[in-house]
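If you look up TrEMBL, you'll see Asp466, Asn493, Gly495 marked as Mg(2+) binding site. Residues annotated as domain 'Thiamine pyrophosphate enzyme N-terminal TPP-binding' in TrEMBL: 28-133. Summarising the annotation, TrEMBL assigns domain 'Thiamine pyrophosphate enzyme central' to 225-342. Under the heading domain 'Thiamine pyrophosphate enzyme TPP-binding', TrEMBL lists 435-560. According to TrEMBL, the feature region 'Disordered' maps to 1-24.
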Amino acid sequence: MEAGNKIGSAAHPSSLPPPVRGGASAGTLGRHLASRLVQIGVKDVFSVPGDFNLTLLDHLIAEPELNLIGCCNELNAGYAADGYARAKGVGACVVTFTVGGLSVLNAIAGAYSENLPVICIVGGPNSNDYGTNRILHHTIGLPDFSQELRCFQTITCAQAVVNNLDDAHELIDTAISTALKESKPVYISISCNLPAIPHPTFAREPVPFFLAPKVSNQLGLEAAVEAAAGFLNKAVKPVLVGGPKLRVAKAQDAFVDLADASGYPISVMPSGKGLVPEHHPHFIGTYWGAVSTSFCGEIVESADAYVFVGPIFNDYSSVGYSLLIKKEKSIIVEPNRVTIGNGPSFGWVFMSEFLSALAKKLKKNSTAVENYRRIFVPPGMPLKYGNDEPLRVNVLFKHIQEMLTGDSAIIAETGDSWFNCQKLRLPENCGYEFQMQYGSIGWSVGATLGYAQAAKDKRVIACIGDGSFQVTAQDISTMIRSGQKSIIFLINNGGYTIEVEIHDGPYNVIKNWNYTALVDAIHNGEGKCWTAKVRTENELKEAIATATGAKKDSLCFIEVYAHKDDTSKELLEWGSRVSSANSRPPNPQ
């Protein structure tokens with residue numbers, strides 16, 4: 001945790017919340033937890049009530065700076081906390097014991113995969129029931145209350161089971177501070193009978209966390225910078241590639257400083273989109289192997305040295321392990337380690353410090369940028385379409401591109417939206433989020449709810465396929481109830497298109513819904529919501545004009561009809577390569 005960032009700044013006494021008035025009596029566990037959440041930057045908590053967490057929810061409601069948002073189910077509450085953490089730096093959700101905990105599990109696993117500090121709070125059994133042979137409701141019928149804890153142990157970086165007031169203060173604070181330090185989710189279970197009982201350990205407002213900044217091993221840092229500078233200054237046409245771990249290392253600014261100082265072209269791995277400034281004069285696009293942005297893949301793969309900053313190389317990001325990258329030409333910068341070529345490797349060297357120090361040692365070299373500009377051919381003009389011609393997906397995204405400003409944020413659902421949104425050029429300060437490592441379909445509905453709640457200065461534009469929307473559609477309800485004004489493009493192409501391109505079968509076809517009628521029914525005349533069906537380019541233009549004009553203060557849901565085979569060329573290529581990787585025969589034993 002670096003000093004001076006959003007969460008670290010909570011370490012100043014001036015940021016203490018005012019005393020709680022009203023329902024919660026002073027000096028209770030419930031009040032302490034509510035104050036802690038406000039202190040670390042959480043203003044909204046996503047919850048689903050259950051009998052084990054009701055008293056705790058009373059205390060969260062009693063904290064004037066905390067807003068409790070009831071979700072339709074626990075999975076969406078977890079996805080919302082994930083989206084909130086992307087915009088705010090930390091998120092929180094509250095569910096009930098086991099039936100709620102096991103339901104939110106998938107969302108917390110996704111947050112773990114993306115290095116997001118989400119505080120997952122569960123209302124647990126009465127403290128008197130621990131250590132007895134009793135069987136409780138909401139369990140699997142065994143006198144064992146540890147099932148939920150064991151499930152969370154593999155997908156959280158710390159777990160706290162609070163069933164005793166004497167050590168509750170320490171357990172809660174340790175879990176929350178660990179989430180902030182490690183940038184991963186934590187699990188906190190709180191016995192249902194404890195939140196309202198005064199206890200001396202909660203006698204005063206919690207003292208703000210002071211999370212000491214991590215400082216590199218100075219000798220290791222100097223050696224890593226010297227070795228990297230020697231490696232890069234010998235190169236003819238080096239390039240920089242930003243990856244998803246730029247976020248957890250809080251190194252975006254240092255990355256830009258390095259790009260400015262070096263003159264190298266900068267590209268981004270698909271899962272790092274939104275973390276690298278695309279308005280930068282040296283930005284050349286997304287590096288994604290065979291499905292890279294035009295001319296970007298050629299420049300990266302033909303370089304004689306590449307610096308990958310915070311990468312994740314998995315089967316999806318490597319397009320079925322088909323990247324033409326050679327280890328001996330690469331410098332891999334992890335959040336706390338630097339490896340040059342096949343070695344040496346330097347540990348306890350932190351990304352931000354390394355990039356800043358390296359920027360001072362590099363000779364300016366713009367050869368690869370000039371090569372890119374030499375070979376770059378601007379995309380051709382799209383064909384003119386007849387007024388009544390069915391809308392093509394690439395035309396939809398041309399219009400979405402024109403909508404984007406620094407006051408927008410894009411949420412891209414798992415599916416063909418990955419590839420179409422990847423091609424959008426993000427203006428300065430435009431947000432961009434998707435869940436590439438975990439790739440859980442349905443994530444975007446909850447994430448849109450959470451992100452929009454955290455980033456009230458931005459209008460969220462979500463691109464969601466019909467198959468994904470069917471998984472989590474209910475929490476459109478919570479968006480309307482919370483007065484959100486996001487624009488949702490529901491791309492109705494009749495099924496799980498991304499799965500079709502990996503391996504087709506009848507299971508990829510879904511029952512078609514009347515999506516706008518569903519959203520109208522959820523709206524039910526309460527709150528501000530507007531829907532439209534779009535089949536042609538002219539209808540799309542009209543819908544966008546209404547959503548950004550007369551209905552700009554409403555949640556706008558635009559159902560776009562697309563042909564089931566109208567996919568990006570990138571998905572076709574990617575799908576065939578991932579299919580090939582998935583279907584490799586067993587190695588001989």
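Cβ from N, Cα, C; glycine included.
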Subject >> Secondary structure content of the domain 'Thiamine pyrophosphate enzyme N-terminal TPP-binding' (28-133), with strand meaning DSSP E or B >> reply: 52 helix, 22 strand, 32 coil
Subject >> Whole-number mean of pLDDT values that fall within the domain 'Thiamine pyrophosphate enzyme N-terminal TPP-binding' (28-133) >> reply: 96
Subject >> Least buried by Cβ count (within 10 Å) of the binding-site residues Asp466, Asn493 >> reply: Asn493
